Amino acid sequence: MPSGCRCLHLVCLLCILGAPGQPVRADDCSSHCDLAHGCCAPDGSCRCDPGWEGLHCERCVRMPGCQHGTCHQPWQCICHSGWAGKFCDKDEHICTTQSPCQNGGQCMYDGGGEYHCVCLPGFHGRDCERKAGPCEQAGSPCRNGGQCQDDQGFALNFTCRCLVGFVGARCEVNVDDCLMRPCANGATCLDGINRFSCLCPEGFAGRFCTINLDDCASRPCQRGARCRDRVHDFDCLCPSGYGGKTCELVLPVPDPPTTVDTPLGPTSAVVVPATGPAPHSAGAGLLRISVKEVVRRQEAGLGEPSLVALVVFGALTAALVLATVLLTLRAWRRGVCPPGPCCYPAPHYAPACQDQECQVSMLPAGLPLPRDLPPEPGKTTAL
């Protein structure tokens, strides 16, 4: 035992500490403090053990919640007369003093503070407080967990108090939570009970499918190409010389164009209109272009559409010129002048046409008609 400390009781864990050289004054509180349930503090007051209370630690602490009881040891609940139960809250004379049964029900005491009521016909409940009303008669008509209410059975009709997510007279209708179309980007809405879920298409995520997944997050583009995100897809902006979905292909370098004069065998002619003045002959107005020249023009940079257009235009022009020549020859053989300048028989009345201006003159009256000039049918010559 250290100097200046003296234990007052075997149960007490506290000591009275005195200053060195000063006597310990234990008689200040020991005369009135219940040392069996506490000890003296340095200031002379009683310090109670756990489970005891009071100025002198003379009273035990009852069980928490004990209403009509006492204790002999800490944490007890000893009921007073007329009370029962764990917390002494049950009235043993409840059937005689309180009459809890309603609507003419008879109270029967069961002991230990418990009772039950014998209800009259048409009533039920612990205290016969409920009447056999519409809810009782309908046999729990509310569905999906709804609560039937009929004002304790005294209402004419019942009503159903529905849980969240259901509506209807008997809570039979599940509210369509997809009615407002909460899912975006073409997602499928799945209705539940007071909830919904979105089945997102590929490329989208989130509760409402509003998050576009970054397809460039995995860095699919090669060769240092820049990735551009799309909906469930991506594009790679490849540098020069590379191609493919992810720029994985090395594009070949095209060879410089070369011109080779290859013999093509027999030369074919393409007829196109000439640009200069044409002489008056059957072959006038024609320009011959060989296939070799066309090939050289194509190698010089003339595209296939332009070449096709050139050939078609040349063929049409050749056909038109040929038709004109044939018609001219046919008319010349018949002695009929083609449409154009006014023509009359040339001197000596030869069957030829002249391209000069017409000069109309009257024949002398005594000059006979030439025999080799046949008269035209349907025309009359005035002399």
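From the backbone N, Cα and C atoms, a Cβ is placed for every residue, glycine too.
Secondary structure from DSSP puts Cys46 (disulfide bond) in a beta strand. Of all Cβ atoms in the shown protein chains, 21 besides its own fall within 10 Å of the Cβ of Cys46 (disulfide bond). The feature disulfide bond is assigned by Swiss-Prot to Cys33-Cys46 (among others).
Taken from Swiss-Prot, the feature disulfide bond covers Cys48-Cys57 (among others), and the record attributes it to sequence analysis. For Cys57 (disulfide bond), the count of additional Cβ atoms within 10 Å of its Cβ stands at 20 [all protein chains shown].
Of all the Cβ atoms in the protein chains shown, 22 others lie within 10 Å of the Cβ of Cys88 (disulfide bond). In the three-state DSSP scheme, Cys88 (disulfide bond) falls into the coil class. Residues annotated as disulfide bond in Swiss-Prot, with sequence analysis given as evidence: Cys79-Cys88 (among others).
Reduced to three states, the DSSP call for Cys95 (disulfide bond) is helix. What Swiss-Prot records for Cys95-Cys107 (among others) is disulfide bond, and it gives sequence analysis as the kind of evidence.
Summarising the annotation, Swiss-Prot assigns disulfide bond to Cys101-Cys117 (among others). Secondary structure at Cys101 (disulfide bond), as computed by DSSP, is coil. In sequence order, Cys107, Cys117, Val118, Cys119, Asp127, Cys128 make up the list of same-chain residues 6 or more apart from Cys101 (disulfide bond) whose Cβ falls under 8 Å from its Cβ.
As annotated by Swiss-Prot, disulfide bond applies to Cys119-Cys128 (among others), with the evidence given as sequence analysis.
Of all Cβ atoms in the shown protein chains, 19 besides its own fall within 10 Å of the Cβ of Cys148 (disulfide bond). According to Swiss-Prot, the feature disulfide bond maps to Cys135-Cys148 (among others).
The disulfide bond annotation in Swiss-Prot covers Cys142-Cys160 (among others). The DSSP secondary structure for Cys160 (disulfide bond) is strand.
Residues annotated as disulfide bond in Swiss-Prot: Cys178-Cys189 (among others). Every protein chain considered, the tally of other Cβ atoms within 10 Å of the Cβ of Cys189 (disulfide bond) stands at 18.
The disulfide bond annotation in Swiss-Prot covers Cys200-Cys209 (among others). Note: Cys200 (disulfide bond) has non-local neighbours Cys183, Asn185, Ala187, Gly206, Cys209, i.e. same-chain residues 6+ apart with C-beta under 8 A of its own C-beta.
Cys227 (disulfide bond) counts 19 other C-beta atoms within 10 Å of its own C-beta, drawing on all protein chains shown. Under DSSP, Cys227 (disulfide bond) is assigned to a strand (E or B) in the three-state scheme. Annotated disulfide bond per Swiss-Prot: Cys216-Cys227 (among others), in sequence order.
When secondary structure is read from DSSP and collapsed to three states, Cys236 (disulfide bond) falls in the strand class. If you look up Swiss-Prot, you'll see Cys221-Cys236 (among others) marked as disulfide bond.
Long-range neighbours of the domain 'EGF-like 2' (62-89) within the same chain, counting only residues 6 or more positions beyond its ends whose Cβ lies under 8 Å from a Cβ of the stretch, are 50-52, 111-113. Residues or ranges marked as domain 'EGF-like 2' in Swiss-Prot (evidence: sequence analysis): 62-89.
According to Swiss-Prot, the feature domain 'EGF-like 3' maps to 91-129.
The annotation domain 'EGF-like 5' is assigned in Swiss-Prot to 174-210. Through the fold, the domain 'EGF-like 5' (174-210) approaches residues 144, 163-167, 231-233 of its own chain, all at least 6 residues removed from its boundaries and within a Cβ separation under 8 Å.
The domain 'EGF-like 6' annotation in Swiss-Prot covers 212-248. Using a Cβ-Cβ cut-off under 8 Å and counting only residues 6 or more beyond its ends in the same chain, the domain 'EGF-like 6' (212-248) has close neighbours at 185, 201-205.
A gap of 87 Å separates the Cα atoms of Cys46 (disulfide bond) and Cys236 (disulfide bond). Between Cys189 (disulfide bond) and Cys57 (disulfide bond), the C-alpha separation comes to 70 Å. Within 10 Å of Cys33 (disulfide bond), counting CA to CA, the disulfide-bonded residues Cys48, Cys57, Cys135, Cys216 contribute Cys48, Cys57. Within the group of disulfide-bonded residues (Cys33, Cys79, Cys119), the Cβ with the highest number of other Cβ atoms inside 10 Å belongs to Cys33. Between the alpha carbons (Cα) of Cys178 (disulfide bond) and Cys48 (disulfide bond) lies a span of roughly 67 Å.
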